[in-house]
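Q: This is the structure, below, for whatever I ask next.
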Amino acid sequence: MIYIILSVLCSVTVAVLLKLAKRYQISIIQAVTVNYFAALSLCFLFFKPDIKALHADAPWPIYMGLAILLPSIFLILAASVKKLGIVKTDIAQRLSLFIPIVAAYFIFKEEFNAYKLIGLGIGFLAIFFTFFRKEKDGDQTNNWLYPILVFLGFGFIDVLFKQIALFKSLPYTTSLFTVFCLAFCVSLIIVVVMLLAKKTKLQLVNLACGLILGMFNFGNILFYLKAHQALAQNPSTVFAAMNLGVIVLGSLIGIIIFKEKLSKLNYAGILFALVAIIFITLSQLHAIR
């Protein structure tokens, strides 16, 4: 479980940085582009990926899928926050947990015991209550395309990373490096197009933010893959614990650091999340016996 905890810490840090970036008007796409350059550089320096090991039978469709999804989801996330607000976007992101859990059952043929079923059921309640807020008059919008894309994007990213972790003919660090390289290329193309269209301007502060973002993004994905390798027979444990852990820690940081106000239902959601994580952990312990 240590890898899940480390991945949660890195993930929440990335979210905090993105929130601060919005406050200080940092260009998200520029920061994300530099972020992937930093991540692939760290991957190369620390893990010495075996580039020669790449071959035609490598999971290139998965690599390309992640290369497009990873930078794109940042842009879609920002658009969703702008159109619908943070709350609705967060709900869509956390509900993406449904996609990989269904994949764990139908694609990866994972068996669910009673602990896991109870934990997942409570987990879905936690997601609803943690982000439940009453809508104000006039706050409704028809722009539900963005949260739907957020929901699908984060869900499929989880599933694709699971597939990479299970691909044994290549070192996972080589796959990770390849994904970062391709994601950087996709992001760079977007930045170049925006620069040519004069939709953005290069600024040093965006580069600095991207470097910091890259360090934590690298840690997030690396520990996430390690968690899947350590718990290869129980992917839903990683799927659920990761998402629910982010909810709990993210909520605590929101309350303590950003002074966000939560209702009684929101606090109940945090409690549900803790209980759900306990049940999912028990399911893992039960499976080992």
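Glycine residues also receive a Cβ, built from the backbone N, Cα and C atoms like all the rest.
What TrEMBL records for this protein is below:
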- 2-131: domain 'EamA' (DOMAIN)
- 148-281: domain 'EamA' (DOMAIN)
- 6-21: transmembrane segment (TRANSMEM)
- 28-48: transmembrane segment (TRANSMEM)
- 60-79: transmembrane segment (TRANSMEM)
- 91-108: transmembrane segment (TRANSMEM)
- 114-132: transmembrane segment (TRANSMEM)
- 144-164: transmembrane segment (TRANSMEM)
- 176-197: transmembrane segment (TRANSMEM)
- 204-225: transmembrane segment (TRANSMEM)
- 237-258: transmembrane segment (TRANSMEM)
- 265-288: transmembrane segment (TRANSMEM)
Q: Where else in the chain does the transmembrane segment (28-48) make close Cβ contacts, counting only residues six or more beyond its ends and a cut-off under 8 Å?
A: 18, 21-22, 70-71, 74-75, 78, 173, 176-177, 180-181, 183-184, 187-188, 190-191, 194, 200, 202-203, 206-207, 209-211, 213-215, 217-218, 221-222
Q: Does the structure show the transmembrane segment (60-79) and the transmembrane segment (114-132) touching, where I'm treating 3 or more Cβ pairs under 8 angstroms (sequence separation 6 or more) as a contact?
A: no
Q: Looking only at the domain 'EamA' (2-131), report the model's average pLDDT.
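A: Averaged over the domain 'EamA' (2-131), the predicted model reaches a pLDDT of 82.
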Q: Answer with yes or no whether the transmembrane segment (176-197) touches the transmembrane segment (237-258) by the criterion of at least three Cβ pairs under 8 A, sequence separation 6 or more.
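A: Contact between the transmembrane segment (176-197) and the transmembrane segment (237-258): absent, because fewer than 3 Cβ pairs are under 8 Å.
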Q: Would the transmembrane segment (114-132) count as touching the transmembrane segment (6-21), i.e. at least 3 C-beta pairs under 8 angstroms with sequence separation of 6+?
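A: Contact between the transmembrane segment (114-132) and the transmembrane segment (6-21): absent, because fewer than 3 Cβ pairs are under 8 Å.
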Q: Same chain, outside the transmembrane segment (204-225) by at least 6, Cβ under 8 Å from its Cβ: which residues?
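A: 3-4, 6-7, 10-11, 13-14, 17-18, 21, 24, 26-27, 30-39, 41-43, 161, 164-165, 172, 176, 180, 238, 242.
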